[in-house]
Number of protein chains: 2
Amino acid sequence: MLKKLTVALSERSYPIYIGQNILTNFQSFPLKSGERVLIATNDTIAPLYLNAVEKMLEENGVKVDTVVVPDGEKYKTIETWNTILTSLLAKNHTRNSVLIALGGGVIGDVVGFAAACYQRGIRFIQVPTTLLSQVDSSVGGKTAINHPLGKNMIGAFYQPQAVVIDINCLKTLPQRELSAGLAEVIKYGIIMDQDFFNWLEQHIEDLLALEPNAMSYCIAHCCELKAKIVAADETEQDLRAILNLGHTYGHAIEAELGYGNWLHGEAISVGMLMAAQSAKLLGHFKESNINRIKQLLIRAKLPVTKPEMMSTESYITHMLRDKKVLSGKLRLVLPFEIGQVQVIDDVNQEIVLQSIELCQ
Amino acid sequence: MLKKLTVALSERSYPIYIGQNILTNFQSFPLKSGERVLIATNDTIAPLYLNAVEKMLEENGVKVDTVVVPDGEKYKTIETWNTILTSLLAKNHTRNSVLIALGGGVIGDVVGFAAACYQRGIRFIQVPTTLLSQVDSSVGGKTAINHPLGKNMIGAFYQPQAVVIDINCLKTLPQRELSAGLAEVIKYGIIMDQDFFNWLEQHIEDLLALEPNAMSYCIAHCCELKAKIVAADETEQDLRAILNLGHTYGHAIEAELGYGNWLHGEAISVGMLMAAQSAKLLGHFKESNINRIKQLLIRAKLPVTKPEMMSTESYITHMLRDKKVLSGKLRLVLPFEIGQVQVIDDVNQEIVLQSIELCQ
């Protein structure tokens, strides 16, 4: 079982392969015997998959170097990025070498940005190992590192040569991270695909149980939806903004509690409900739809109430600092139906405060 | 007197303005009242031009922040790049802000790379203040910083919104740097324009004397020639390689003596003569043409013999390490006529050694 999708971009296209055990299937990698690669991964993923990938590539004549960096969002830094670049230089990699990003969203972002910058750009292959990175960050070409003064503030739009999604990797993923990935899956249904939302209502337990057919369909469909948006709007001028449903509220939670205490997907889960409440208060969204979303999030084992320790007022401070805020006005993506959202400029701060309080 | 050229690229075009005192002419800057900019410059250029540019922009309603970094190739580092990014973040610049690079090639490269990376890319304007950066590094979209393990190893292809070339800046340029810039000017004649080489033979003293009409014509013509090459080959796949005439030999000199002891243009001057000798030894280039090049370089006050302290053998070590070397084979750009070069793969190392010895 190997699905292949294509992300169509103005300048070039790249394939996404989805299947079981394809991490060790050379056919999934756009590489030739004799080529040189550097596999960059983290210290959680390395003991699980690095040897297998390395062995498979070497058996097919690829010359492999490896670099292992510490796991975690707090290492998504200039220093880690420089570690990868230094590793490429120390081993005399040329502009013909290929970087392989083996890991979750952090690895994809930092390794992708290293590929974008090494000798002004070398090829790279994404091998996302978490559900979140499989459905979200491996498609779209956004690469970045954090700066002490802001998350994802340094980066590039840079597309991979291929994305290799092995659903068997999810077997080693902690339950809480699986659920966090499902938050982004559910988001796709809300922003643009009512049929898919209906399908999720029927199959959410299959996904939690990692049933291969359901999971494979789900990931492929999310990638297709995201690819459709990215192809239409590669550099986030307009349409791509709808992917931020729940993110302005969610980032406030992440920023206040410190990144990593609540997983990104957990914050987005509550953030989407806050956005739904805002839409309802503005007269755009039905109470019954809020309940459908809430029930699905609960079944996916995601939080649906705001963090107890966080005051309602503290959200506003963080939300006004968001990269997506234009000159002090709160600009939010709000659902109008299940499967349809709109970007609303200048949302009243009173509406925002009420929405937050409705999620407790 | 204001010349305007256009660099035509597949995705977008940008203008190059050339004139006297245009540094303080708002018409040369693609900016509107109310916009925010960060001017990044170095501590040599800041006392000469920063206040004037800042005042002019503020008088036209632009909100200006500034950052001054140390002057010199040794500061073309991750740290300087991060200083510029930190300055943007500390002053809450959004993705709508504009970076202005005010200075020579180092400032252009490091500031351009900061613009390429800040929030995944913001607009930037190049204001090159040295002859070398005016005729070379401000056109072509190559941005980069150095790594302890290699020069220009981290960077991006990223195009400016506009290039503003004020030839009056050359009045404060040391004579030695003016001559170094002329080495790249002469290079354009050799690689692709015999008529321009003839013109240089008639006007080289005018250029050294900064005669405005000659200098303005010369810079515009070099930018046109480079723009033609860049437009045909934006990411250095093929044609753009001819711009490297003399650079493989020249980089060996710079690397052996330590960057900055010989200026880049000085090393290229001797490097071009070595390439000419190689071409002659291979039967492609006439002795009389070598002499024409040598005489012009001498009149431009450039070195034409190799550094005394450097052994012939040490060149080979450096040349084999060059980014442009493919799998250990020496690949050189060689002149076939004045105005015509070819890339020759696999040049015999004996030819290289002889060429070096002929330049003493």
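Cβ coordinates are placed from backbone N, Cα and C, and glycine is handled just like the others.
Positions annotated as domain '3-dehydroquinate synthase N-terminal' by TrEMBL: A:67-179. Note on the domain '3-dehydroquinate synthase N-terminal' (A:67-179): DSSP counts are 47 helix, 35 strand, 31 coil.
Shown in sequence order, A:P128, A:T130, A:L132, A:S133, A:D136, A:S137, A:H264 are the residues of the chain, 6+ apart in sequence, with a C-beta less than 8 angstroms from the C-beta of A:G105 (NAD(+) binding site). Look at TrEMBL and you will find A:71-76, A:105-109, A:129-130, A:K142, A:K151, A:169-172 tagged as NAD(+) binding site.
Mean pLDDT of the predicted structure over the domain '3-dehydroquinate synthase C-terminal' (A:181-325): 91. The annotation domain '3-dehydroquinate synthase C-terminal' is assigned in TrEMBL to A:181-325.
Per TrEMBL, Zn(2+) binding site is recorded for A:E184, A:H247, A:H264. Sequence-distant neighbours of A:E184 (Zn(2+) binding site) (same chain, 6+ residues apart, CB-CB distance under 8 A): A:L132, A:V135, A:D136, A:C222, A:G265, A:I268.
The two recorded residues, A:T172 (NAD(+) binding site) and A:H247 (Zn(2+) binding site), show a Cα separation of 27 Å. Note: the CA-CA distance between A:C169 (NAD(+) binding site) and A:H247 (Zn(2+) binding site) rounds to 26 Å. Per DSSP, the secondary structure of the domain '3-dehydroquinate synthase C-terminal' (A:181-325) breaks down as 105 helix, 2 strand, 38 coil. The number of other Cβ atoms within 10 Å of the Cβ belonging to A:H247 (Zn(2+) binding site), over all protein chains shown, comes to 23. Summarising the environment of A:C169 (NAD(+) binding site), the number of other Cβ atoms within 10 Å of its Cβ, over all protein chains shown, is 25. Reported as a whole number, the C-alpha separation between A:H247 (Zn(2+) binding site) and A:K74 (NAD(+) binding site) equals 19 Å. Most other Cβ atoms within 10 A: among the binding-site residues A:T130, A:T172, that distinction falls to A:T130.
A simple Cβ count within 10 Å picks out one of the binding-site residues A:K74, A:H264 as the most packed, and that one is A:H264.
The Zn(2+) site, placed at the center of the C-beta atoms of A:E184, A:H247, A:H264, has further neighbours from the same chain whose C-beta lies within 8 angstroms: A:L132, A:D136, A:A183, A:K187, A:G246, A:G250, A:G265, A:A267, A:I268, A:G271.
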